[in-house]
Amino acid sequence: MQLDLKQPDFQAAIPILKKIEAVGYEAYFVGGSVRDALLGLPIHDVDIASSAYPEEIKRIFKRTVDTGIEHGTVMVLDHGTGYEVTTFRTESRYQDFRRPDHVTFVRSLAEDLKRRDFTINALAVRHDGTIIDLFDGLTDLKKRQLRAVGDPHERFHEDALRMMRAVRFESQLGFHIEPATKEAITANAPLLKHISVERIAAEFNRLLIGIDRRFGIQDFVTTGLFAYVPALAGQRTALWHFSELPDTPFSGIASGWSALLFMLKLDPEPTLKTWKQSNDLIDLVSQTVTLLAKISTPTPWDLYTAGSRAVAVAGEVAALLEPNFDRQALAAAYARLPIHAKKELALTGRDLITAGVRPGPEMGKLLHQVESQVVAGVLPNDPQKLLPAAIEMSRERQ
C-alpha cells in the first residue's frame, strides 16, 4: 500500500530522506504524522527514523542541533525548518515505568518499531510513499481500534503514560481500545502513580477536548485510571455522568475543565493547581465555574466580574448542560453592560484627590462603590455625573 505524500510537510521533508538514503542508510517517516495522514487528518510535524547513527547524521548534513542526542535524536535544519531524525533503537528495562535505563542504537527498522506503543503508531513510510506495516497497524486503522504492539503488559510497564495515551486517542480519534489492550490497562492502572502530574495532565487535557470524549472518559473510569490522578479518585459516578454529556466537542481546555469541575463540584483553584495547570487557565476556569453557579439569573455584577472570556466559556458549558439555555442572550447581556473593565470607568483616583478626597483605603472603597453603581446602571458612566455623586458618597461615609 502507498501513502500519498501530498501534504506540504511531507513534501518539504522528502529531500532529507533521500539525502540519508543516498549515502547508504535507511530513512522513513514514522509516528503520528503517518497515522494522521492515513486517516485523512492534517499533519503538523513529521518525524523521521533512520538507520544512521547520530554522528553519521551530523556528517551528512551541514546544519544540525543535538536536541536529544542521548536518545538518538538530531534536528536537521533545512531551509529554515527543523526536522527531528532519530536513530533506530532498542531500549533496556524501565526501572521507573517512565523511561528506559539506557537505549541502544541499531540498524534494524523492525527492532525500532516493535518498541512503539500502538500498532497505528508503528507504521513507517519510505520517501516514495511505500508503507512498512510489520504489526498490522493498517488493519487496526480500518477497524478504528487501538492495539498495543506485542505484549500490552510489557508496553505499559515500559511507560505507564501509554495507558493515558490510549484513552486520549479514543477521544481524539474516535477509536476504541481492543479487549486485550484494555485488560492490560486495567491490570496495570496503578503504575500511573509513577508518572508526573505534568505528563498525565498533557494527555488528560487532550482527552477532554477530543471529538469522542464519551468513550475516552468511560474507559478512563472502567479501567481504573481515574483512581491514580489528582482529585478524581472517588469520583467514578460523577465522571460517568460527565461522560454522558452531549458529544459536542469543547472549544478548548477551559471549557472542558469548567464543565468537569462544575459537575464534580470541585473547587477549581486547588484542583487545577494540583494538576499543575497554568495560572491563566486556573483564573479563567475559576471565574467560569463561579458564573455557572449563578447562570440562570446572573446580575450585571456577576457578568462584569466574570469578564468576556468566562462569559463565553460559561455560555458554551451551560448550553451543553441545558440544551434550552440561550447563550446568545447571555452574551448580549454582557455586551449591554455600561463598562466591561475598571479602566473604562469615567472616574479615577486622581479625580477624587483633585476634588479633595484623601487617598487611602477609604478612597478605594469609594471607587468600588461608584464602579458597582455604574455596572448596575444606577449611575451613568459620565464624569460630569460621577464626580459629584462620588463626593456625596464620600460625605455620607464620614
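Glycine too: its Cβ is placed from the backbone N, Cα and C atoms.
Of the residues ARG89, ARG107, ARG116, ARG214, TrEMBL puts just one in the CTP site with GLY32, ARG35, ASP159, ARG162, ARG165, ARG168: ARG116. Considering only the binding-site residues GLY32, ARG35, ASP159, ARG162, the residues lying within 10 A of ASP45 (Mg(2+) binding site) on a C-alpha to C-alpha basis are GLY32. Around ASP159 (CTP binding site), a 10 Å sphere centred on its CB holds 23 further CB atoms from the protein chains shown.
Of all the Cβ atoms in the protein chains shown, 20 others lie within 10 Å of the Cβ of ARG165 (CTP binding site). Sequence-distant neighbours of GLY32 (CTP binding site) (same chain, 6+ residues apart, CB-CB distance under 8 A): ILE43, ASP47, ASN121.
Around the Cβ of ARG35 (CTP binding site), a 10 Å sphere holds 21 further Cβ atoms from the protein chains shown. Under the three-state DSSP scheme, ARG165 (CTP binding site) falls in the helix class.
In three-state terms derived from DSSP, ASP47 (Mg(2+) binding site) belongs to an extended strand segment.
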